[in-house]
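Student: The following feature annotations were taken from TrEMBL:
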type	residues	note
REPEAT	359-400	repeat 'WD'
REPEAT	402-443	repeat 'WD'
REPEAT	445-486	repeat 'WD'
REPEAT	488-529	repeat 'WD'
REPEAT	533-574	repeat 'WD'
REPEAT	576-617	repeat 'WD'
REPEAT	704-738	repeat 'WD'
REPEAT	756-797	repeat 'WD'
REPEAT	799-840	repeat 'WD'
Amino acid sequence: MNLDTISHVVGLKSPEQVDGLLKPLRSVLNVGKENKLVTPLHASFPDFMLSEDRSKDLCCERGRRHAEMAKVCLELISKAKPQFNICGLPSSHLLDSEVEDLDVRISNSIAKGLPYACQHWPTHLGFAGHQDKFVGLVHDFFSSRLLLWMEIMNLTKQIHYGTAMIQSVKKWCSEQKAPEGLIKLVHDASQFVTVYANHPVSLSTPHIYVSMLPFWPPCRPVSAAYMPRTIGVIEPKGTAIARRRLALIATWKVSTWLIKSICLSADGRRLVAPTENSIEVYDTSTGESISSLTIERATGVHSVATSPDGTQVAFAKYRTAYIWNVVIKTRLPTRFPILHDGDVHIHALHADATSVSPLKGHTKEVTSIAFSPGGLHLASASWDKTVRVWDVQTGQTVGEPFKEHTSYVFSVRYSPDGSRLASASLDHSIQVRDVISGAKAPKPLTIHTPDPASIAFSPSGAFIASGSGDKAIRVYDARTGQIVLGPLEGHTDKANSVIFSPDSARLYSCSRDGTVRIWDVQDLGAAHTLPIVPALSSAVYCIRYSHTGQRLVSGSEDGTLHVWNVKTGELVMEPLRGHQETVLSVDYSHSNAYIASSSLDGTLRIWDALSGEDIHGPIKGHSAAVPANMGCHQRSTDRRALQSTRIHVITSVDFSPNEQQLAFSYGHDSDLGNSEGPVDGAIRVVDRFTGDTVVGPIDAHGFISSIEFSSDGMRLVSGSYDKPVRIWDVQTGKQLVACGEDDGGTHGDDSDSNDDRAHGNYVFSVAFSPNGRYVASGSFDETMCIWDAENGNLMFGPLKAHTSPVYCVKFSPDSSHVASCSEDGTIRFWSLASCEASVQDSMLTASDGGQQLAPNLERQTGSGSWSLGGVGWVVLHGHRVVWVPSDLRPRLTHPPEEFMIADRGCLILNLDGLDVGDKWQDCYRPSHDAFT
């Protein structure tokens, strides 16, 4: 400590008084000339003072002195004024860095001893030992002073050390056998601080109160202690709050490039991750980089691993492996020979070991390797669909290759005891084998995700974690294959690697999104009481309203159908099960009595719409199914079959409203990716009964994904891979409108270019509104657009809420809503009335002649129109209003969306009447209880 801090902590008048008191000790203490820091001249002095045998009556009793310091520190925190918004921050709209006089505010408002007290009271408490009197003081701190402490720690840029501090207090509470309620409160506080410190919300201190506290689970101790003191803060609504499993505790943005691999040191204190230009070693308690390799060899690294003692890091790139000595940082990494596809090399790192290479057997690229815990065997996974086990000493294979997988194998891992070997493959499965007997475990784990990239055993071997192409993390029981946690959402791109901490309390993951995320998994063995809600668990490929508009049926990637009440978003009945693969299309009969479905498994099924009974199915006859990404399809109400030739691939069909005509789109086989030539598509309208061509073929310029008649049967809308949405005259075959295009489209004289607001990728699905006014389109770019069917102008959108491609869009029978479904496993309902009201609020008059522009809804300025930024800030009128945790963002309903259906529920925000911005100082009332 320096003289100023000492004077404030011990209650002396001034630094000069402290200096005077220390003058007799100048032979053993030094006071810095510039910083006035007090330090011992030699380490022998504190050793002497702390040894009763040596210092006798002068002995400084460590435990008692630390107890006194802990008490003084806690008193300083409790007596700080004010106990809320200590630095008088003017607005919650501002980041701390945007407060112009922040340094002056900190200097004037935070007493010199407070930073020391906040940073060191846990250390003093730990050294104080068994002190019953401190249980009450600690409880007072966590139940009344925690948020003030976070303010001070954040403003002084020390918040990243907060987790370790509170963890030390939790350890002290356990050793003291403190009341269970206090231990739970301290544990919850540790998570609360960790989440805040490791996310962008910490860039604004007011959002401890404005965002962190309101979004904290209401059943948790921190919420119970502090939420009753709030007023005018956001009140998150919706089923997502009750169904939330809070697991994501930290997000580190470590790279602007994809991260393919991470590794932990044996003690869990260090994490190694490659970035775009370096390899970084991070302190896992703070997230700070403590070592960095920035030479050219360290750029574009694909894989990293640490030695057991943590002194060396192995990394690989471009078929070449290197070893970096982390201790001797000046030494260049050692380079190993170039590797060839299918070869495995074992290089000796010590003189008493022998190199064995190459190990030949795989016929394609090796994707993953893992040593057995005893070091005698090496397992390898390959694109050749096999897993092999090698003897490390001889280089020979052990037993026969494992050939259960039917596609590329991406990851292989041994259980901690070496008895089991797990592998993950593109065939959607994790296989767990008994490597002692070579027999496959009786229940291989099955993952529905399209691209399981990585797996990891927990240190106990009881659980297996997986990271997948659907961006989610899952944890399974390693014996039964049952999912015990997940899907954990947070990553915005493929999860490439997962690894457990040595104490099994945390799970680390990295992703193509450039982040490392940390998940709390320490309660995996405990029974959870989260509500079991039978809902969507995989991508939704198709939807259809009933003709009354009261229900909606959806078809999913896992082969199930779900029937929903569109008013409440609740399931009407249990999921309809029967299809073995993705459901591609669904439809209601005209009477609403039946539901028809088709699947990638090549079958049709007809279900009783009231009971869910499978009445007719499976109806077979097709040798293949329409690819899943070719939009939504429709059948005749009298169930007449449609036959087609095999010359072309039919991508979408639709009956005219009077069922006299049938339109279908088609393309050559080469359009599906088997040729490098141009992609061509055409539309033909035929007489339903004779098969004679009525109109066509219509050259649609690109590969057609979806078509639909207007309600009067006079127009046809098409969506294609060349992005534009086109509207055709059914009688003449002429193009009437090209939505989002200036050339060939009819936009009207007041139209500006819509290209900047149209879809940026393939259009998967299109739909006409029953009233004929609008056309909706869903795209691979994760957005939906609503167009004026007369002139092609963009009316609303792009509507951005889905986090994966939008596969299907449908209007309600009364044209009041549009439903959209996506690969992200959600169905969203959009109100056209809300869209129109928002447009009326936000129509802008341009400076050139009063021209009116149809707005992008993300640019609206209406009271209910806000946008969600990439790091989670909800922005209204250009101001940050609230920060939404990343695990809740996929469940957030966006204006003008009314609600959504998802397995984890929906989140609804009402921004009216909040005490935010310059009113944020009214949102909290601290406790004024005297310190006891």
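Start at 1 and count along the chain as shown; that gives each residue its number.
Each residue, glycine too, has its Cβ placed from N, Cα and C.
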Student: Kindly report the helix/strand/coil residue split of the repeat 'WD' (445-486) according to DSSP, in that order.
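Tutor: Residue counts in helix, strand and coil order: 0 helix, 23 strand, 19 coil.
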Student: Could you give me the DSSP helix, strand and coil counts for the repeat 'WD' (799-840)?
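Tutor: Across the repeat 'WD' (799-840), the residues distribute as 9 helix, 19 strand, 14 coil.
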Student: Where else in the chain does the repeat 'WD' (359-400) make close Cβ contacts, counting only residues six or more beyond its ends and a cut-off under 8 Å?
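Tutor: Those are 341-346, 406-414, 416-418, 421, 423, 425, 431, 435, 438, in sequence order.
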Student: Is it possible to list how many residues within the repeat 'WD' (756-797) are helical, extended or coil according to DSSP?
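Tutor: Helix (H, G, I), strand (E, B), coil: 2 helix, 22 strand, 18 coil.
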Student: Any residues 6+ beyond the ends of the repeat 'WD' (488-529) with a Cβ under 8 Å from its own?
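Tutor: Beyond its ends, the repeat 'WD' (488-529) has Cβ neighbours at 191, 198, 245-264, 266-268, 271, 273, 282, 284, 451, 453-460, 462-463, 465-469, 471-475, 803, 886-887, 890, 904.
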Student: By Cβ distance under 8 Å, which residues at least 6 away from the ends of the repeat 'WD' (445-486) in the same chain are close to it?
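Tutor: Contacts of the repeat 'WD' (445-486) (Cβ under 8 Å, skipping residues fewer than 6 from its ends): 245, 247, 410-417, 420, 422-426, 428-432, 492-500, 502-504, 507, 509, 511, 519, 521, 524-525, 537-539, 557-558, 803, 823.
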Student: Pairs of Cβ atoms less than 8 Å apart decide it: which stretch in 402-443, 756-797, 799-840 has the most with the repeat 'WD' (533-574)?
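Tutor: Stretch with the highest Cβ contact count: 799-840.
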Student: Six or more residues beyond either end and a Cβ under 8 Å away: which residues meet both conditions relative to the repeat 'WD' (402-443)?
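Tutor: For the repeat 'WD' (402-443), the nonlocal Cβ contacts are 367-374, 377, 379-383, 385-389, 449-457, 459-461, 464, 466, 476, 478, 480-481.
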